[in-house]
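Okay, so here's the structure we're looking at.
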Amino acid sequence: MDYMKIYEEWLNNEYFDEETRKELRSIKDDPKEIEDRFYRNLEFGTAGLRGKIAAGTNRMNKYIIAKVTQGLADFIVDKGDEAMERGVAIAYDCRHYSYEFAKTAALVLAANGVKAYLFETLRPTPILSYTVRRLKTISGIVVTASHNPKEYNGYKVYWENGAQILSSIANPILEKIENIKSFTEIKNISEEEAKEKGLLKIIGKEIDDEYIEKVKELSIRDDIDKDIKIVYTPLNGTGNIPVRRVLKERGFKNIIVVPEQENPDPDFTTVGYPNPEDIKAFKYAENLGKEVGAELLIATDPDCDRLAIMVKDKNGEYVAFNGNQTGAILIRYILESRKEKGTLPDNGAIIKSLVTGDMGKAIAEKYGVKTFETLTGFKNICGKENELERTEEYKFIFGYEESIGYVAGDFVRDKDGVISSMLLCEAAAYYKTLGKSLLDILNETYEELGYYREKLISLVLEGIEGQHRIGRMMEVYRKEFPKQIGEVKLVKYIDLEEGKEFDMKSGEVSDSEMPKSNVLKFMLDDESWYAVRPSGTEPKIKIYIYSKGNTLKESENKLKVMEEVIMTKLNSVE
């Protein structure tokens, strides 16, 4: 792309409003900034769009939203009148421009004769997934950048089953987007006209009421201590109302909300980087927890599809659980409770991503429940759930991944912070009746099944140079990976870009059952393993390291050795 030429076009074309052109004039003497904003189109894929909010083709703004939505509309129009009439449900979070982007999308759809259902106010992402299924729309859109910093926004597309689109849908939509040669090809309509024609409908709280009832139906037991003291923070996002409502209606009496983080705030003033995986996001919750004597701290991310927790230990300090640990606790609670109640199916299944740890799988095995693995991302986990539903061979129970996303039930096809908050609080309240905390339960599980430790390393490499270096790292590691780490030999590795699995002992090469993807996974002969992949949504290369030992110390020592060997190799790549 000739970025300078495109910059000039945006700068001088009256199609773009004065505010946009003024912003572009302000960077006229900054060639590097111009290049970064215009050297490519913001990439549309299965994860939709995500980028910094600003003018430019490589940024999130109303023009890019309109263009992508026109591509989606063209794809739906090709499917005929029924698909157009079924329409698209649209939700949005609390970020800067989220409502404007959502409304832009709704009006572009309406202008193309595709019915748009727009939520009256912000909503958690999982409610959109539920809405697509409930209203039987052909598609859904959520405007959110999840846990990214305040400068970002995003746009995710869902299909009729309520799950995020897979490449079979994303690729033809991308083709339609690429066929749009000029912004003037994008259709538009006024809000008044769209409403008059019945092409824009506003969704209110009736959907929330149904959704909350469905969430409560997932409750497994009521012989729990509802007086347990829990501090909750929605991190100034969309979770505040639905999470508190479901816990209140379940009878929890002591849910204390962090006041500074209760209401939506697009600047995330109290937290900066609103990712509950980062322990710094719990600062306010920890302080409040100590003040009120809470046993459990829970946090949902800004679009309320993920959940993180901290649990009070014997010394009154709070210990953070990672996604693997929380997932394992939820699996144990769900499976042991359903077995006790006689509701555990004989053909039960859980689904996890291939970079998620194996402790949940070990627990599932104990209960005779099958574990399926997919590529990273809930679009793949729920894609597998959809497949299990079609074949009826297995009954889906629970899906999760290490990045603190979990779902149970069959009415939401994405990770769900509302469902997981309710089940997690229920688990904590149940184990409390046995005189145990979630930390006690985790340690018991380690004692029984082995000590699993893990570390996720994310190397952030921004801009064009960063993108190139990530590519070189993957290329070099693919050819020159270590065959042994410490005393432990590599027994198998999977290269999903090639779609192959290599057995190091027999020399056998087989086809992988997973779709092709730029992921490398290496298995050692003591059940430790690691994986390397570029992030699909951020300028990062991610390294997932997992060790297993008979004691905590043994497992932690293995983890250190693995990290040193892997990172030395990666960091040597210029």
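Quick reminder: no glycine exception, Cβ is built from N, Cα and C everywhere.
Listed in TrEMBL:
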- 43-181: domain 'Alpha-D-phosphohexomutase alpha/beta/alpha' (DOMAIN)
- 209-316: domain 'Alpha-D-phosphohexomutase alpha/beta/alpha' (DOMAIN)
- 322-447: domain 'Alpha-D-phosphohexomutase alpha/beta/alpha' (DOMAIN)
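Across all of the domain 'Alpha-D-phosphohexomutase alpha/beta/alpha' (43-181), the predicted model scores a mean pLDDT of 97. Shown for the domain 'Alpha-D-phosphohexomutase alpha/beta/alpha' (43-181): DSSP residue counts in helix, strand and coil, namely 60 helix, 31 strand, 48 coil. Note: the domain 'Alpha-D-phosphohexomutase alpha/beta/alpha' (322-447) comprises 68 helix, 22 strand, 36 coil (DSSP; helix = H, G, I, strand = E, B).
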